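*Asks:* My questions all concern the structure below.
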Amino acid sequence: MRYSKLVLASTSAYRRLLLERFQLPFETARPDVDETPLPNEMPPDTANRLAVEKARAVAVRHPDALVIGSDQVAALNGEIFGKPGTVAAAIGQLQRMRGATVIFHTAVAVVNARTGQVRCENVPTRVKFRELSDDEIVRYVDKERPLDCAGSAKSEALGITLLDSLSGDDPTALVGLPLIALSRMLRAEGLLLP
């Protein structure tokens, strides 16, 4: 075996629940990475870089582990919308996104701390938002509090009601951990799935 344990570099309950679908034992660890986009960085590049940085940050503390990192950025016409952090910012993001098609770039990285091998894939999802009224946006933000969610919409919960449609290769990508891509990477590391 080329690793001693599997570690998810995230404290997200949604990512943890998704990874549990693989029925593999794993731990979680906070990555403590600055998620600020670099100047002139394209949205998929930001997501890829942060997914790898998160996995590497945790791999330093778990030198025999296989570490999974993930990151998601929402982009509207090339502009990145990260985690809003405040109610006002969440409302502002959703006001900008109403009626628009937003691309959610979700990257997943696997770092084998023992061998140094790094794998990363990016899975985009196109999301068409409804024409939302200000009242709908305020009600949603008040009920859901999507302050820690790229683009301010949690599709795995009440946020699904904000959408007209979505399209992508992996339905789990929009929730924050693309399991189809991840299963490919874990099999490449020797894990037996299923």
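Backbone N, Cα and C atoms are what each Cβ position is placed from, and that goes for glycine too.
Swiss-Prot lists these features:
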- TYR14: site 'Important for substrate specificity' (SITE)
- ASP71: active site, proton acceptor (ACT_SITE)
- GLN72: site 'Important for substrate specificity' (SITE)
- GLU156: site 'Important for substrate specificity' (SITE)
*Asks:* Given the recorded positions ASP71, GLN72, GLU156, state which is nearest to TYR14 (site 'Important for substrate specificity') when distance is taken between Cα atoms.
*Replies:* GLU156
*Asks:* Let me know the DSSP-derived helix, strand or coil state of TYR14 (site 'Important for substrate specificity'), please.
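*Replies:* In the DSSP reduction, TYR14 (site 'Important for substrate specificity') maps to helix.
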*Asks:* Write out the long-range same-chain contacts of ASP71 (active site, proton acceptor), meaning residues 6 or more apart in sequence whose Cβ is under 8 Å from its Cβ.
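*Replies:* Within the chain, ASP71 (active site, proton acceptor) has Cβ neighbours under 8 Å at GLU35, THR46, ALA47, ASN48, LEU50, ALA51, LYS54, THR106, ALA107.
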*Asks:* Would you identify the secondary structure of ASP71 (active site, proton acceptor) according to DSSP, in three states?
*Replies:* strand
*Asks:* Rounded to the nearest Å, what's the C-alpha distance separating GLN72 (site 'Important for substrate specificity') and GLU156 (site 'Important for substrate specificity')? Just drop the number here, would you?
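*Replies:* One finds 14 Å between the Cα atoms of these residues.
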*Asks:* Could you say which of the recorded sites TYR14, GLN72, GLU156 has its Cβ with the most other Cβ atoms inside 10 Å?
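*Replies:* In terms of Cβ crowding, the pick is GLN72.
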